[in-house]
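Chemist: Sharing a structure here in structure tokens format.
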Amino acid sequence: MNGGHIQLMIGPMFSGKSTELIRRVRRYQIAQYKCVTIKYSNDNRYGTGLWTHDKNNFEALEATKLCDVLESITDFSVIGIDEGQFFPDIVEFCERMANEGKIVIVAALDGTFQRKPFNNILNLIPLSEMVVKLTAVCMKCFKEASFSKRLGEETEIEIIGGNDMYQSVCRKCYIDS
């Protein structure tokens, strides 16, 4: 066995997906693995690099398609991918990297603000050795939150924002608002 595998962390906004991605990549760095992280280049909310909502920063390559960074990552054995739902080639890329013996760690939204599957991220589930569904805290009633609620009236799927544009909510608060 080549040791390659896929770890997938999914959940709503503000559930700690990016923080967990950074934690996992750091574990491998401590064990002397060569690690790289990749972020979606259109996500420039806080500046360059991978940022968490609580303003922790982590160095990252930027791309809109993962195939664009293939040549840059050949020497790395651990690949972290943030905002995986935005990459159109996420499934093919992760499968290829894992089959080549690389450890691939993906953080992604599983659902849109409309509670629909987010692009093809759910197609990674049957290919992943580990899947973790994280929850947030409902920003209305403070119960467990599994959904992301958009505050504005925009209808496009890809609108990148923070707590100025989205809330994490539980089922009841999603339906009630």
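We count from 1, first residue shown onward.
From the backbone N, Cα and C atoms, a Cβ is placed for every residue, glycine too.
Feature list, courtesy of Swiss-Prot:
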- GLU83: active site, proton acceptor (ACT_SITE)
- GLY11, PRO12, MET13, PHE14, SER15, GLY16, LYS17, SER18: ATP binding site (BINDING)
- PHE113, ILE157, GLU158, ILE159, ILE160, GLY161: substrate binding site (BINDING)
- CYS138, CYS141, CYS170, CYS173: Zn(2+) binding site (BINDING)
Chemist: To the nearest whole angstrom, state the Cα distance for the pair ILE157 (substrate binding site) and LYS17 (ATP binding site).
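Modeler: Between the Cα atoms of ILE157 (substrate binding site) and LYS17 (ATP binding site), the distance comes to 19 Å.
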Chemist: Can you grab the distance from GLU158 (substrate binding site) over to CYS173 (Zn(2+) binding site)? Cα atoms, rounded to a whole Å.
Modeler: 22
Chemist: If you take the centroid of the Cβ atoms of GLY11, PRO12, MET13, PHE14, SER15, GLY16, LYS17, SER18, the listed ATP site, which other residues of that chain have their Cβ within 8 Å of it?
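Modeler: Everything else in range on the chain: ALA107, LEU109, LEU134, ALA136, SER168.
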Chemist: Let me know the DSSP-derived helix, strand or coil state of GLY11 (ATP binding site), please.
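Modeler: DSSP call for GLY11 (ATP binding site): strand.
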Chemist: Starting from the Cβ centroid of PHE113, ILE157, GLU158, ILE159, ILE160, GLY161, which together make up the recorded substrate site, report each further residue of the same chain whose Cβ lies within 8 Å of that point, ordered by sequence.
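Modeler: After dropping the recorded site residues, what remains is ARG150, GLU154, GLU156, MET165, TYR166.
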Chemist: Substrate site residues PHE113, ILE157, GLU158, ILE159, ILE160, GLY161: biggest Cα-Cα distance, Å?
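Modeler: Looking at PHE113, ILE157, GLU158, ILE159, ILE160, GLY161 as a set, their Cα atoms extend up to 12 Å apart.
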Chemist: Where does GLY161 (substrate binding site) sit in the DSSP three-state scheme?
Modeler: coil
Chemist: Can you tell which of the binding-site residues PHE113, GLY161, CYS170, CYS173 lies nearest to SER18 (ATP binding site) in space, using Cα positions?
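Modeler: For SER18 (ATP binding site), the spatially nearest of the binding-site residues is GLY161.
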Chemist: Specify all same-chain residues, apart from the site residues CYS138, CYS141, CYS170, CYS173, whose Cβ lies within 8 angstroms of the center of the Cβ atoms of the Zn(2+) site, ordered by sequence.
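Modeler: Surrounding the site, in chain order, are MET139, LYS140, PHE142, LYS143, ALA145, VAL169, ARG171, LYS172, TYR174.
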Chemist: Do you know offhand how many angstrom separate MET13 (ATP binding site) and PHE113 (substrate binding site) by C-alpha?
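Modeler: Cα-Cα, rounded: 10 Å.
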Chemist: In whole Å, how far is the residue listed as 'active site, proton acceptor' from ILE159 (substrate binding site) when you measure between their Cα atoms?
Modeler: 12
Chemist: What does DSSP say about CYS141 (Zn(2+) binding site): helix, strand or coil?
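Modeler: Its secondary structure by DSSP: coil.
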Chemist: About how far apart, in whole Å, are the alpha carbons (Cα) of LYS17 (ATP binding site) and CYS173 (Zn(2+) binding site)?
Modeler: 22
Chemist: Find, among the binding-site residues listed as GLY11, PRO12, GLY16, GLY161, the one whose Cβ has the highest number of other Cβ atoms within 10 Å in the structure shown.
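Modeler: Within the set of binding-site residues, the most crowded position is PRO12.
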